[in-house]
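Engineer: Straight from Swiss-Prot, here's the annotation block:
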- Cys25, Cys28, Cys49, Cys52: Zn(2+) binding site (BINDING)
- Ser97: phosphoserine (MOD_RES)
Amino acid sequence: MGKRKAKAKVKPKRRAPPLDTTFTCLFCNHEKSVSCSLDKQSGVGNLHCKICGQSHQCLITALSAPIDVYSDWIDACDAVANQAKEVDNINDQEAYSPEAAYEEEKE
């Protein structure tokens, strides 16, 4: 008779570290100064910087986490910055249009 085959020991699964609820502010660049709170009953997520006072509020779902509210804030800031660039480009094109310069030379 032969020996019994040895069973491999089952390794315990590592738990994922908890997600952060404090983040770096986009405006004043202080680390861990932005705190996030979620009100799942009313479906609202809030961010507030303790240093510069910036805040952001967005709609959340039952599955939302604080990082989702923070990423929504980043996306909103990028959208505002892109909108401002587009307005500046349009104003620059209107101010320096070749047609306007040609009409001024005619007169």
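Positions of Cβ are set from backbone N, Cα and C atoms, glycine also.
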Engineer: List the other residues in this chain whose Cβ sits within 8 Å of the Cβ centroid of the Zn(2+) site residues Cys25, Cys28, Cys49, Cys52, in sequence order.
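Structural biologist: Residues close to the Zn(2+) site, other than Cys25, Cys28, Cys49, Cys52: Leu26, Phe27, Asn29, His30, Ser33, Val34, Lys50, Ile51, Gly53, Gln54.
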Engineer: When DSSP is mapped onto helix/strand/coil, what comes out for Cys49 (Zn(2+) binding site)?
Structural biologist: strand
Engineer: Inside 10 Å of the Cβ of Cys52 (Zn(2+) binding site), count up the other Cβ atoms and send me the figure.
Structural biologist: 14
Engineer: If you draw a 10 Å sphere around the Cβ of Cys28 (Zn(2+) binding site), how many other Cβ atoms fall inside it, taking every protein chain shown into account?
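Structural biologist: Cys28 (Zn(2+) binding site): 14 neighbouring Cβ atoms within 10 Å.
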Engineer: May I ask which residues of the same chain, at least 6 positions away in sequence, place their Cβ under 8 angstroms from the Cβ of Cys25 (Zn(2+) binding site)?
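Structural biologist: For Cys25 (Zn(2+) binding site), the qualifying residues are Ser33, Val34, Cys49, Ile51, Cys52, Gln54.
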Engineer: Within 10 angstroms of the C-beta of Cys49 (Zn(2+) binding site), what count of other C-beta atoms is obtained when all protein chains are considered?
Structural biologist: 19
